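Q: Take a look at this one; I'll ask things after.
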Amino acid sequence: MTTRIDTKFAELKAEGRPALVTYFMGGDPDLETALKVMKALPKAGADVIELGMPFSDPMADGPAIQAAGLRALNAGQTLAKTLYMAAEFRKEDDTTPIVMMGYYNPIYVYGVERFLTDAKASGVDGLIVVDLPSEMDAELCIPAMKAGINFIRLTTPTTDDKRLPKVLHNSSGFVYYVSMNGITGAAIADTAKVGEAVRHIKKSTDLPICVGFGVKTPEQAAAIATHADGVVVGTAIVNAIAGELDEKGKVKGDPVAAATRLVHALAESVRATRLEAAQ
């Protein structure tokens, strides 16, 4: 099984540069605006799109992403509408990978088999489900693999050598290394330690390793890019969108322009870093 994720990372490896993986919340601040943001991300420099599935109890997310999820839910976003976003995006872009990220509850309520069928039909390439450990692979991971959808695992600084093989077992697409303990949007990690961790994980897998949590600026993204196959940025993009909304969460400025400006700057920085390192 070769997915768009596999193809994209193979292309980037051939180019000698890491991926910029961009996260935003589906339906934030509303469906129409969020879809415009999604469609604009690849042109701004995003290599992979993480599409957030809003959920009412997002335990791993910091205040910014929690607020984005709440705005989306208040605007009527559902899992079906998030899948619709993927399908609409695919009408214009058949190459940029889409990874849906969130929690298991909405998928369980939707129905696993129905969800995987609809996700595949909508052009979704991968899943990150933060509250499903490897011990529960039979719930979603293995059915996703059978449906041709990558299942991407999170590893953390506390994932020890005993735990790591279990985390990597049945993983596909890429490995998401959470560069610190805590919630999304926390402070940036020590880049030297990140490099050490990535090298350690690479001893156990051939999958690309992307690093996220705490990456907010182009400079931070560049620092992480020297150590990883990809850099994940989420909270900063969500904040850029939020900065264009009024106190009620409605659009007052231009969230699409704000998000794409940031992504363009991040992409320029990430791409330049690897090129400099290769010279």
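A Cβ is built for glycine as well, from the same backbone N, Cα and C atoms used for every other residue.
Small disclaimer: the values here were computed from a predicted structure and weren't measured.
Relevant sequence annotations retrieved from Swiss-Prot are reproduced here:
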type: ACT_SITE; residues: E50; note: active site, proton acceptor
type: ACT_SITE; residues: D61; note: active site, proton acceptor
Q: Could you give the Cα-Cα distance between D61 (active site, proton acceptor) and E50 (active site, proton acceptor), in whole Å?
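A: Computed Cα spacing between D61 (active site, proton acceptor) and E50 (active site, proton acceptor) is 14 Å.
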Q: Which residue, out of the active-site residues E50, D61, shows the minimum number of other Cβ atoms inside 10 Å of its Cβ in this structure?
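A: Comparing Cβ neighbours within 10 Å for the active-site residues E50, D61, D61 has the fewest.
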Q: For E50 (active site, proton acceptor), what is the secondary structure by DSSP, using just helix, strand and coil?
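A: For E50 (active site, proton acceptor) - judged by DSSP and reduced to three states - the answer is strand.
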